[in-house]
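Below is one structure, written out as C-alpha cells; the observations come after it.
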Amino acid sequence: MATPAVVSKLLLFVISCALFTASCLYGAVDPIPQVTLLIVVFACWFCVLIVNTKNHIVQIPSSVLFLAGCVSVFMVVQWFLLHEQVLKAPYTLRNISLPWETLQATTTNLYEAKIAIYKWLLPILVLFLVPQIASTSKNARYLLGAIIVVGLFQACLGLAQFLVKDPIVTYLPIIRGEVHGTFVCRNTFAGFLAVIGILSLSWFVKFVAHSLKKSTKKNMLVCVWQSRNFSKIAILFICTLIIVLCIFLSVSRGAILSFFCGSVCFLLLYVYRHNVTFKQMIVHSKKIVPLVAIFLLYLYLSTLNNIYERFALAVEKGDIRSELWDISMQVASDYPLGVGGRNYFYATPAYNKSHLDHFVYPHNDYVQWAMEYGVVGVVLLSLLLLVWLRYTWKIREDCVLSRTLWAGCLAGCVVLFCHGFVDYGLQIDSHRLLLALLMGLLITRKKVIVEPAKKSSYIWLVLFTVAASPIAYESFCRGYSSHLQPKKIFDTFYKNRKLGVVEQRNKILNTVDVLKESLAWNQRDPELLYKIGFFYREAARLHFAKKDELLKSAAFFLEKSREIMPNNHAVYVRLAEVYFAQKDYKKADQYMTTGVTLGPYKSKYAAIIAKYWLKRWEQTQRKVYLDLIADRLWVMSKRDCAPLPDIFKAWRSISSHYEKEERWYGVVFPKENDFVLEAGKYFLQNNELDMARRMARHIKGDNSKKNFLLGHIHVHDGSIDKALENYARVDIDATLLREIVNTLVAKKYWDEAVDVAKSNNYDLPLSLEMVEKAVEINISMSKVETFLIECEKNFAANATIFYLRALIAEKKLQLEDHILYAEKAVEQDRQNFRYLIYLLQSLLKRNMWNDVEIRVRKYSPFMEKPFKLYKWVAYAFYNHKLYNKSLLWAKKAQQRNNGDFEINSLVTHLESKKEE
C-alpha cells in the first residue's frame, strides 16, 4: 500500500496540474479544472481515511472549519430559497417583508446558482486539503515551485505575444491584440501574474538574504556569485524579471496597483519578521537601487507612458466600473438575501438606466458577493476571513513556510484581495484555486500533530464533498457545451435573413443540429433548450410541409427550458407564439400573459406581444385584447421603439374602437391624455393627419398637450402660423422644446425653430442638434452658420461646434476651412472616432494620401480601439485602389486582432493581388 508521503506528492502533482489547466483553458472555463479538483477531493479521502492509518492529521481550528461550512451551507440553502416551491409556502411566510416574489422573478437562472455552489465549494475543500499534504517544508516548496512554473509559462507566452504582436493562442473567444496569455483579457492575466510575481520575488529574496548571511564578503554581487545557491538565485531572478515585465506590458491599471500594494506589504512583513534595523535597510537598499533603477528606466522608455495615459484617462473621464458598482449595490439593497450565485448578468438589466453594455461581472468581487449572496453571505465570508487571518498570524512561528516565504504568501493574498476591488478575479477558477493554495499554506504547521481520529474533524469535509458531487456532471457538460459557442451561432442567424427561403431554412436546421450536439453533453442547459426551440419555431415559418412537426419540436424544447427557468419572460413569449401557430389559443394566451407579468417593461418584446394581441383581437373582437395591446403600445412609446407597420395597424384598431365606445385607455391607465397624445404622434409619423386630428379632439382637460399635438399637425400640413399659435399656448419644458424645435427643423421652418428656441432658454446641446439636422436637409447654410457663430459666442467652443463648422464649410465648398475646422474638432476631442473619420474622409476626397497616414499615426494612440481605425483606413485605401497602402494598414489591423474574418480575408486578397 502506498505511504502517506507518496500519496501527498501525488496529490500535490494533481493540484499543480489543476492550476495549470485552470489557467490555460480560457482562465475561466468550467469542466476540466473542476473535475480535476473533484478527483483531488476523493484522493484526499483516500489519503486521510485509508492510507494514513496512524491518524497523522493537521490540527485546524474548529471555528475556521465551522465558518467555511456555514458559507457552503448558506449557498445550498439560498439556492433552495430561489426555487419556486418555496414561493408556494403558507401565506404567513410569504407575508414576511422579504422580496420572495420579486427575488424569484429577478433570478432567472437557477442553474447558474447551482453551479456557483460547486465552483465555490471546491476552493474551500482545497483550502483544507493543503495542510493535510503540505505539512513538510519540502512539499510546501514543491507546491510554491509549481505555482511559479505556471506563472512563468503564462509570462513567457505573454512576452511572446508582445514581441511578435500576435495572440499566438487562437482558440480565445476574445482577442484584444494585447498581452493576455491564455486568459480572456489582460486584466485577469496581469492579476494572476501579480500574485505569482510576489511569490517569485519572495523566494529570490530568501536565497539572496541567505547568501549574504553566510558570506563574509561585503560586495553583494560577489556574495551571490560565490554562493552555492547561485543557479537558483539566477533562475528566480530571471523568472521574477519576466513576470514583473509582463505585468507592466499588460498595461492593466488594477494589476499594477495591486502588485505595488503587495510589494509594500511584503517589504513590511519581511522587515517585521526578520527584525531588520533601519541601518540595515539603508545598507541593502544601496546595493539594490541600481538594478531597480535600470529596470524602471526600461519600463519608462517602453510602456510607462501608455500606462500613465490610461491612469490619466480614468481620472479625467471616470471609470465605467463605478456605474456598474452603483447598479449592483441597488440590487443588493433591494434583495438582502441575494439574487443567487452567478446571477449578476440576469438580475441587473432592469437596473441599467444608463444603457451601459451588459457585463457578466461588476468588476468588483466584494460588490458581486454582496449582491449575489446578500447580508448573510457577507457576514459569513467576513467572519471566515477574519478567523483565518487571526489563525495565520497566531501560528506564524510554527508555519511550514520560512519567514520570507510566509511574508510572500501573505502578500500574494493581499494582491488578490486588492485586485478584487477593480476586477472579477475571484470569479475565475484559476484565481480562486491560487488563493485557496496560498491560504492553505499559511495555516499549515511545521509539525504533524498526532491525536486520535475524530469523526467531528471531518464532518464539514463530508458536507462539502456530498454537496459538490451531484453537480460535477452537470458542470462538466455545461463547460463542454460552451466550446461549441451556441450564442455565436444564435447571433449569426440574424445576419442570414436575406437568404432565400430554402437556403435560410436549411441554415436554421443545420444550426439546430449543431446545438443538439452540444445538448447531448448537457441536457439541462436552459439556454441551449431555449435556442433550439427558437430555431425550430423559425424553421416552422419557412417549412410549410413539416410545419406541425417542427412546431411540436419547438414546443417540446421550450417547455423543457421553461421547467428549468420558470421566471424567464422570453421563454413564455416564444411558447405563446408556438401555441398560437398550433391554434391552442387558451394556452397561448396563458403563456403570453405570464410573459408580460414577468417582464412588464421589457421593450425588446413589446412589439411581438402587441402584434400577438392584435391577432387575437382580429380573431375574437374581444375588448380585453385592445386593453392588452394598449398596454404594450404604451411601453413601446416610453422606450423609443421603432414604429412598425403592424404597430400602426394596432394604433388604428385601438383608436377606432375606443373612439366609438368613448372609452379610452384611461379605464386601464389613469394618464389617458398621455396615451392619446402618443397615438397622435404615431399617426403623424405615418402621415395620417386625419387620425392625428381625431386624437387631438379626444385630449380633454389638458390644453397644453392638445395645443402641442395640434401644433405638430399644423406643421405637417404647412400651416406654420397656426402651429406657432398652438405652440405659444404650450407649457414648454426641455423635452417638449426639443420635440417642437426638431419638428420645425425637419419641415425646414428654420427661422421659426430659432425663434422658439431663443424664447425658451435653449441650451448648447439643443442648438447643436438643430444645426446638425439643418445641415443634413440642406437648409440655407448662411442662416445656419450665423446661428452657429452666435452659439459659439454665447457658449464656449467645443469639438462639436468645430465639427459642424466643418460640415457647413463643406456644403459651401470652402475646402480650406473645411479641413481646418475638421482638424480642430479632432484636436478638441482626440478620442472621438466619428470626428477623426470625417477628417480622414475629407483628406481622401482631395487625394491627400500621406496626410491621411500622418493623421492616423498621430491620433491612433488616443483611440480606445485602434483596430477599428486601422481596418477603416485599410478599406478606404482599397476603395481608392491604393493596394500597397491598404495592405500595410490591413496588416496593422491584423496585428491588433487576428481573429477578424473580414480583415484576414482582405489581407489574403491583397497578398495574392500583390503576387499577381
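Cβ coordinates come from backbone N, Cα and C, glycine included.
The transmembrane segment feature in TrEMBL is assigned to 34-52 (among others).
Residues annotated as transmembrane segment in TrEMBL: 64-82 (among others).
According to TrEMBL, the feature transmembrane segment maps to 117-135 (among others).
According to TrEMBL, the transmembrane segment annotation covers 142-164 (among others).
Within its own chain, the transmembrane segment (189-209) is flanked in space by residues 23, 27, 144, 147-148, 150-152, 154-155, 158, 179-181, 183, 220, 224, 227, 229, 232-233, 236-237, 239-240, 243-244, 246-247, 250, 252, 254-256, 258-259, 262-263, 266, 270, 274, 402, 404-405, 407-409, 411-412, 415-416, 419, 423, 425, 430-431, 434, 438, which lie at least six positions past its ends and keep a Cβ under 8 Å from the stretch. Among the features that TrEMBL reports, transmembrane segment is placed at 189-209 (among others).
Beyond the ends of the transmembrane segment (230-250), by six or more residues, the same chain brings 148, 151-152, 154-156, 158-159, 162, 178-181, 186-187, 189-190, 193-194, 196-197, 200-201, 203-204, 207-208, 211, 224, 256, 259, 295, 299, 302-304, 307 to within a C-beta distance below 8 angstroms of the stretch. Per TrEMBL, transmembrane segment is recorded for 230-250 (among others).
Mean pLDDT, taken over the domain 'O-antigen ligase-related' (240-381), works out to 71 on the 0 to 100 scale. Annotation source TrEMBL lists domain 'O-antigen ligase-related' at 240-381.
Per TrEMBL, the feature transmembrane segment maps to 256-276 (among others).
The transmembrane segment feature in TrEMBL is assigned to 288-308 (among others).
The transmembrane segment feature in TrEMBL is assigned to 373-393 (among others).
With a threshold of 8 Å between CB atoms, the same-chain residues lying at least 6 positions outside the transmembrane segment (405-422) that come near it are 140-141, 144, 191, 194-196, 198-199, 201-203, 205-206, 253-255, 257-259, 261-263, 265-266, 269-270, 273, 321, 363-366, 392, 396, 399, 431, 434-435, 438-439, 441-442. Taken from TrEMBL, the feature transmembrane segment applies to 405-422 (among others).
According to TrEMBL, the feature repeat 'TPR' maps to 569-602.
Beyond the transmembrane segment (142-164), the same-chain residues lying 6 or more positions past its ends with a Cβ under 8 Å from any Cβ of the stretch are 9, 12, 15-16, 19-20, 23, 130, 134, 178-183, 189, 192-193, 195-197, 199-200, 203, 239, 242-243, 245-246, 249-250, 405, 409, 434, 437, 441. The DSSP breakdown of the repeat 'TPR' (569-602), given as helix, strand and coil counts, is 27 helix, 0 strand, 7 coil.
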